[in-house]
Amino acid sequence: MFSSIKPVSSSISTAISGSVRRSIPTKLKFSPLPIIKNCHNQSFNSSVSHQKPLHISSASNFKRGEVKVEAYEADRSRPLDINIELPDEQSAQKLKIGIYFATWWALNVVFNIYNKKVLNAFPYPWLTSTLSLACGSLMMLVSWATRIADAPKTDLDFWKTLFPVALAHTIGHVAATVSMSKVAVSFTHIIKSGEPAFSVLVSRFFMGETFPLPVYLSLLPIIGGCALAAITELNFNITGFMGAMISNLAFVFRNIFSKKGMKGKSVSGMNYYACLSMMSLVILTPFAIAVEGPQMWAAGWQNAVSQVGPNFVWWVVAQSVFYHLYNQVSYMSLDQISPLTFSIGNTMKRISVIVASIIIFHTPIQPVNALGAAIAILGTFLYSQAKQ
């Protein structure tokens, strides 16, 4: 740091406006003396004398031939430490998913009630499954045509990726409907509460994913509870049991394929399921005709209308509409969460379905059977905690 500045030829002109500026010739001579000796007039009329070294604000000012002398100030460049609490986005996301789950479970309860009523009067699960998909497809086509919902922008690759999802969805949907046509709704959903076990096994052996030991241990009460409920079921039917098991496996593959297919796509969860319903309808229709056929449908329909009355038609409409709505909301949930979390939510919803079906249909249940269901549900809770 220089101790003083000594001008050579001209004087320093001074102006005071909050700070003192002096014009200095470009050519300067620096003196090691601690003070400027040429002048003692403190009024700064013609020269400057200071008893302390000058404080130069910026070295770059020498290039322009001027320096700026000013008092030291507080550094204003440092930001103020102000704590502002922003909204917790994670909490908002959890609330959103919670609303999705609650709506999904409520719609699913209504669907299962009407679906069982229809199957009791009209035991043709292949046609019932087809009508559910057809109703949902028609609803979405009308929504797109009337611009209630924006139509998705798809290409050939999208439909190719969607095909395995639609195939798994078709198998799972028909298998579950066949199961409910043979056994009580509560029994079907007790067996289907074992879906997390299928999800872990499929993810482990087909996707190469690994999980902590507590996750695997939590599967034991799920599997054991389902087995205990099955062997103590009063109305056990092998077709109903196998239908629920096949549905578990198929829906796990559907969820995994769906999550992969939805990545990087501009199609929303709602429109994704709409496209899935349409492709599943195309896959299912020829098989439904081959297995049951129009003649069986016509005879069964007349018999159901004669027994139930006109309300049977409304039951069919209700089960078809609510089937689409609950699946649509579930795919809106799947758009936000992982397949494993989806399986957890899908299992927890079965508690409400089991309880509602037992109350409405007066399903007889033994204490041991109820214990098996409770163990399976407890295992699902432990699994969710271990996974988290």
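Our numbering is plain: 1 for the first residue shown, then up by one each step along the chain.
Here the Cβ of each residue, glycine as well, is placed from N, Cα and C on the backbone.
Some features that TrEMBL has for this protein:
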type	residues	note
DOMAIN	95-384	domain 'Sugar phosphate transporter'
TRANSMEM	97-114	transmembrane segment
TRANSMEM	126-145	transmembrane segment
TRANSMEM	213-232	transmembrane segment
TRANSMEM	238-257	transmembrane segment
TRANSMEM	269-289	transmembrane segment
TRANSMEM	309-326	transmembrane segment
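Over the domain 'Sugar phosphate transporter' (95-384) the predicted model carries a mean pLDDT of 88. By number of Cβ pairs under 8 Å, the transmembrane segment (309-326) is matched best by 97-114 from the list 97-114, 213-232, 269-289.
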